[in-house]
Amino acid sequence: MDRKMETKPPTPRAVLVGIQLPEVDDVAHAASLEELGRLVKTLGYEVVGQVSQRREGTGAGAVLGSGKLAELAGFTGGSGVVTSMAPASRSKARARFEEAAGPKEAAEDAAEDGAAGAPRAEVVIVDHELSPSQIRNLERATRAEVLDRTGVIVEIFHRHAKTREAKLQVEMARLKYVAPRMRESSTGGGRQQGPGAGETTLDLDRRKIRDRLAELRGQLEAVQRDSDNRRSARRDQLRVALVGYTNAGKSSLMRALTGSEVLVEDKLFATLDTTVRILQPETRPRVLVSDTVGFIKQLPHDLVASFRSTLTEALEASLLLFVVDASDPTYEAQLEVSRSVLREIGADAVPARLVLNKMDRVDAGRRAMLAEKHPEAIMLSAHAPEDVRALHDRIIGFFEAEMQEATLSLPYARQGLIGEIYDSVRVLAEDYDERGRVLQVRGLPGAIARLQRSLAAPGQ
Ligand SMILES: Nc1nc2c(ncn2[C@@H]2O[C@H](COP(=O)(O)OP(=O)(O)OP(=O)(O)O)[C@@H](O)[C@H]2O)c(=O)[nH]1
Ligand SMILES: [Mg+2]
């Protein structure tokens with residue numbers, strides 16, 4: 001996908017900025033910047049360096065202290081100080097000075113850049129949510145485009161959304177993100193806006209954005225009514241949803257369990273839309289498996305709202321498979337993020353099983369540690385067919401334990417319901433009496449209750 005052409009368009013160069021807060025340890029801080037780097041690469045940027053600082057908070061006017069700000073400007077060719085009119089010559093000299101004095105990364109970068117006019121980073125990406133004025137200050141000090149973590153995630157969602165529902169939701173989240181920042185940055189003069197900002201939305205004034213949001217909301221409601229109808233047709237079916245942190249391996253498991261061709265990529269947010277497929281080999285009644293969008297820390301609030309709708313699938317499932325990349329050193333933090341998003345959308349009441357995936361990458365010592373910490377977890381590798389078969393059996397086992405047996409009487413006049421019965425419960429035996437068919441069935445209590453209600457209702 002990435003190598004469709006020999007002549008690549010110039011890759012924007014980005015510098016990452018991280019603030020290490022007192023409560024964040026070194027491993028978590030490094031992992032967070034690592035993850036930000038992967039997000040940024042997903043957007044097609046090249047990461048050329050990073051600037052990181054321990055601070056009490058992220059609220060400072062220019063985020064970084066003055067020394068670190070100058071170090072950052074060394075990557076971008078800015079003045080390193082927050083002024084609206086820093087002359088370029090001074091900023092260059094200053095940048096060189098800071099690069100020479102800076103840490104190894106900055107020095108290496110300066111060496112690689114060489115003479116004047118050498119490529120510099122055009123984008124600064126901060127691993128925290130920034131206020132519009134912080135963005136403006138950083139832009140002034142660095143002369144680069146500034147994006148925060150939220151902006152990066154919103155942009156990825158924007159590029160990856162495929163279904164109409166996802167597109168509408170993401171456009172709404174994006175407008176809400178862009179609107180306040182657009183107002184601020186317009187005071188900074190007619191600087192070019194980079195790929196993150198979106199040229200067309202920037203041309204709209206705030207009233208137009210409000211109108212557009214109202215319009216989108218209306219369209220979204222219509223689309224959601226449709227998908228509600230589709231969902232209610234699936235109600236009371238045996239449904240299992242794969243949920244978890246981005247890149248944990250949900251789609252890989254989906255493929256393995258259902259034999260479907262869903263997208264699997266070593267990218268964050270490869271999947272943005274829920275897909276539903278039938279568990280293979282097919283069972284009676286069949287089990288539906290949903291693949292869902294992944295979670296990430298500091299998920300922008302408006303995107304949580306869009307998750308809520310895509311994740312209605314998960315809410316309505318009888319079983320959640322909580323997929324975790326067990327080979328990731330920060331898997332526990334990822335697990336916590338996923339749990340809190342599920343809590344936020346009210347899915348914490350749905351029965352869940354922890355699935356520790358990518359065990360093929362885990363050594364014996366770590367395996368023992370994981371087994372002790374999560375004795376109830378299912379350990380597997382999505383790439384190992386025997387593991388996937390075992391998971392398949394666990395899923396069936398779960399539903400079997402939930403199922404009950406019942407007798408349904410199907411009057412001759414109501415034979416039209418037979419298809420629905422076979423779809424939603426397993427028919428164990430079929431008999432006839434003077435009134436019609438008598439079926440011995442096994443299924444989920446909800447499905448049986450629904451069929452009994454349909455049978456009790458007066459026929460048409
Ligand atoms: N070694 C190993 N790699 C795996 C395993 N499962 C998935 N992967 C890899 O992990 C990467 C992400 O897999 P996906 O299935 O796309 O992950 P996802 O959870 O659907 O990710 P998003 O859709 O981005 O949220 C891919 O490169 C997979 O090949 C596993 O069991 N072992
Ligand atoms: Mg996926």
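From the backbone N, Cα and C atoms, a Cβ is placed for every residue, glycine too.
Annotation comment: TrEMBL describes 181-204 as region 'Disordered'.
Here TrEMBL flags 187-197 as compositional bias 'Gly residues'.
Among the features that TrEMBL reports, domain 'Hflx-type G' is placed at 238-403.
Per TrEMBL, GTP binding site is recorded for 244-251, 269-273, 291-294, 357-360, 381-383. Residues near Ser381 (GTP binding site) in space but far in sequence (CB under 8 A, at least 6 apart, same chain), listed by position: Asn357, Lys358, Met359, Asp360, Asp387.
For Ser251, Thr271, the entry in TrEMBL reads Mg(2+) binding site.
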Notebook entry, point to check: Can you list which of the binding-site residues Lys250, Ser251, Val293, Lys358, Ser381 have their Cβ under 6 Å from some atom of ligand 2?
Noted result: Lys250, Ser251
Note to self: Measuring Cα to Cα, how many Å separate Ser251 (Mg(2+) binding site) from Val293 (GTP binding site)?
What the structure shows: 9
Check: Using DSSP and three states only, what is Ser381 (GTP binding site)?
Finding: coil
Check: What average pLDDT does the predicted model assign to the domain 'Hflx-type G' (238-403)?
Finding: 88
